[in-house]
Amino acid sequence: MNFEGKIALVTGASRGIGRAIAETLAARGAKVIGTATSENGAQAISDYLGANGKGLMLNVTDPASIESVLEKIRAEFGEVDILVNNAGITRDNLLMRMKDEEWNDIIETNLSSVFRLSKAVMRAMMKKRHGRIITIGSVVGTMGNGGQANYAAAKAGLIGFSKSLAREVASRGITVNVVAPGFIETDMTRALSDDQRAGILAQVPAGRLGGAQEIANAVAFLASDEAAYITGETLHVNGGMYMV
C-alpha cells in the first residue's frame with residue numbers, strides 16, 4: 001500500500017485512533033493533514049507529522065471552519081484524495097435523563113459533520129474520478145449500548161449514510177466505507193480496575209482489547225488501491241465481540 005502523491009485529511013488526529021491513522025498514512029507516503037479542536041492540538045499534530053503533513057484547527061460542526069480548512073489544504077497541498085472522518089465525542093446518559101443538548105451535540109459532531117465534510121470534498125473527487133471516504137464508526141452502532149442512545153444513533157446513521165453515498169459515487173471511482181472498532185486500548189481503559197477490565201474482556205472472544213494501530217491498518221487498507229472494489233461496507237474490528 002503506497003500513498004505517494006495522495007493528500008489525506010484525518011479529523012480528530014491529535015491522539016489515539018486518529019493519531020495512529022495519520023501516522024500510518026504518512027508512513028506509507030501520503031501528505032497528511034490532521035485536525036484538532038485547539039491550536040495546541042493542531043501544533044501537536046504538526047510536531048509528530050513533521051515534513052509528512054500538518055495540523056490544523058477545525059470545528060467539524062461549523063461549515064465556515066470546514067471551508068476554511070479545505071481552502072488552506074488546497075493552497076498548500078492540493079485537493080483531498082482520502083478523507084478519514086474520525087472526530088467524535090460522547091455525551092452518555094440514560095434516555096430518561098438525556099438533555100436535548102446531549103442529543104444534539106452528538107448528532108452534530110458525530111453524524112452531521114460527516115455529511116458536511118464528505119460533501120465538501122466530493123466535487124474534487126468526482127472530477128478526478130478517484131477518492132476514498134472512510135468513517136470511524138463503532139460496534140455500538142450495530143449492537144446498541146445502554147446509556148448511549150445518542151451515540152449509537154449517530155454511529156448507526158453513519159452506516160446508512162455511507163451506504164447511500166457509496167451508491168451515488170461508485171461509478172466515479174470513489175469508495176465510501178466505515179470501520180467500526182470494538183473495545184480499543186486507550187488511556188481510559190488503562191485506568192480501569194482489574195474487575196472492570198475483566199468484565200470487558202469477558203465480552204471479547206479474542207480475550208484482549210484492540211489497539212489503535214489495528215484500526216489504522218484497516219483504514220489504510222480501505223484507502224488503498226487494493227480495496228478499490230470494496231464500497232458501502234462496514235469493517236468490524238472488535239475481536240469477535242459482535243459478529244454481523
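Using the three backbone atoms N, Cα and C, a Cβ is placed for every residue, glycine included.
Straight from Swiss-Prot, the features:
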ACT_SITE  TYR151  active site, proton acceptor
BINDING   GLY12, ALA13, SER14, ARG15, THR37, ASN59, VAL60, ASN86, TYR151, ALA152, ALA153, ALA154, LYS155, ILE184  NADP(+) binding site
BINDING   GLY50, GLY53  Ca(2+) 1 binding site
BINDING   SER138  substrate binding site
BINDING   ASN145  Ca(2+) 2 binding site
BINDING   GLU233, THR234  Ca(2+) 3 binding site
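On the structure: features taken from Swiss-Prot.
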residue: SER14; record: NADP(+) binding site; Cβ contacts under 8 Å, 6 or more apart: GLY34, ALA36, GLY41, ALA42, ALA44, ILE45, GLY55
residue: THR37; record: NADP(+) binding site; Cβ contacts under 8 Å, 6 or more apart: MET57, LEU58, ASN59, ALA87
residue: GLY50; record: Ca(2+) 1 binding site; Cβ contacts under 8 Å, 6 or more apart: none
residue: GLY53; record: Ca(2+) 1 binding site; Cβ contacts under 8 Å, 6 or more apart: ALA8, ALA22, ALA26, ALA30, LYS31, VAL32, ILE33, GLY34, ILE45, SER46
residue: VAL60; record: NADP(+) binding site; Cβ contacts under 8 Å, 6 or more apart: THR11, THR35, ILE66, ALA87, THR109, SER113, ARG116, LEU117
residue: SER138; record: substrate binding site; Cβ contacts under 8 Å, 6 or more apart: TYR151, ALA152, LYS155, ALA180, PRO181
residue: ASN145; record: Ca(2+) 2 binding site; Cβ contacts under 8 Å, 6 or more apart: TYR151, ALA152
residue: ALA153; record: NADP(+) binding site; Cβ contacts under 8 Å, 6 or more apart: ILE106, ILE107, LEU111
residue: THR234; record: Ca(2+) 3 binding site; Cβ contacts under 8 Å, 6 or more apart: GLY137, THR142, ILE159, SER162, ASN177, VAL178, VAL179, ALA180, VAL244
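GLU233 (Ca(2+) 3 binding site) sits 22 Å from GLY12 (NADP(+) binding site), counting Cα to Cα. Within 10 Å of the C-beta of LYS155 (NADP(+) binding site) we count 27 further C-beta atoms, all protein chains included. When secondary structure is read from DSSP and collapsed to three states, GLY12 (NADP(+) binding site) falls in the coil class. Other C-beta atoms found within 10 angstroms of the C-beta of TYR151 (active site, proton acceptor) number 24, with every protein chain shown included. The DSSP secondary structure for THR234 (Ca(2+) 3 binding site) is strand.
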